[in-house]
Every structure is written in structure tokens, then in C-alpha cells.
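According to Swiss-Prot, the protein has these features:
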ACT_SITE  HIS20  active site, proton donor
BINDING   ASP28, HIS99, TYR121, SER122, ASN123  substrate binding site
Amino acid sequence: MKKTPLLNVALSRVIAGMGHGDILVIGDAGLPVPPGVELIDLAITPGLPDFASVLRVVLSELQVERHVLAEEMQKVVPPALVEIERLKGKLGKREWLTHEDFKVLSRSARAVVRTGECQPYSNIALISGVTF
């Protein structure tokens, strides 16, 4: 059995296969998943799992060079943004896009991880870095 916090097989596989510059999106329950992009659906009920818990576990395994957020998140300030601020040392450089442009970016993702989060704009695109 794995010794690290991430136990989900599909998510472990995607992270293990990511290279420098690859994108992994963690999204709320309402974020659309573009056709052709793998969906890793963790949502079981509204609020479970929450965005922050999934982000913390993903960051235990993924080296992140930069991250992208929707500009609209700044106006709503969901709990997700509070957690992102807390973890900013593990997230690299920050970029902002409109929510519509964020959805366009998600077309390039290796996968979209759907959480049970129901706070608006609780989405992040993680761009993989290198450990050397």
C-alpha cells in the first residue's frame, strides 16, 4: 500500500505520468470537463470532498511550477482562495484568466479532477514543474 496521502489510483496515475508544463485542473462540482480530457470524478455529495482537501493531497505528490485561477474568484473569495493563499509557497507563480479563458485552458489539461466543492470559481490549473 502507498505510504503517501494520495490513494486514488486514477489520480496517482495521472500525476506520475505528468511532465514539465503539463496541466492538471482541480475543479468544483460545476466546472465543465471538455470532450477528450480525462475526468477523475471524486465528488460524492455536495461539499465532499472539498476543494482544499483535494488540493493539499495533490500538492503532496505534484511539483508545481505555476498555477492559474479565474479572475472572478477575487470578487467572490471562496474558501478555496483562502486555502490557495495559505499554500502559495507550493504553487509557484500565479496567473489570472477570465473564467471563460480558464475553461479554454482546461481543454489542454491532462485531466480534470472534479471535487464536491459547491463554492463558485473554486478551480485551479496546476502547471507541472520539475524537481531538479
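Quick reminder: no glycine exception, Cβ is built from N, Cα and C everywhere.
Secondary structure from DSSP puts HIS99 (substrate binding site) in a helix. Taking the centre of the Cβ atoms of ASP28, HIS99, TYR121, SER122, ASN123 as the substrate site, the nearby residues of that chain (Cβ within 8 Å, site residues left out) are GLY27, GLY30, LEU31, ALA70, GLU72, MET73, PRO78, ALA80, PHE102, GLU117, GLN119, PRO120. Taking the Cβ of SER122 (substrate binding site) as reference, residues of its chain lying under 8 Å away and at least six apart in sequence are, in sequence order, GLY27, ASP28, PHE51, MET73, PRO78, PRO79, ALA80, THR115. Between the CA atoms of HIS99 (substrate binding site) and HIS20 (active site, proton donor) there is a gap of 24 Å, rounded to the nearest whole number. The two recorded residues, TYR121 (substrate binding site) and the residue listed as 'active site, proton donor', have Cα atoms 26 Å apart. Following the DSSP three-state reduction, the secondary structure of ASN123 (substrate binding site) is coil. The residue listed as 'active site, proton donor' and ASN123 (substrate binding site) have their C-alpha atoms 21 Å apart, to the nearest angstrom.
In the three-state DSSP assignment, the secondary structure recorded for ASP28 (substrate binding site) is coil. Cβ crowding, taken as the number of other Cβ atoms within 10 Å, peaks at HIS99 among the recorded positions HIS20, HIS99.
Long-range Cβ neighbours of ASN123 (substrate binding site) (same chain, at least 6 residues apart, Cβ-Cβ under 8 Å): VAL25, ILE26, GLY27, ASP28, LEU31, LEU69, ALA70, MET73, ALA80, PHE102. Just so you know, the Cβ of ASP28 (substrate binding site) picks up 20 other Cβ atoms within 10 Å once every protein chain is counted. For TYR121 (substrate binding site), other Cβ atoms within 10 Å of its Cβ number 24.
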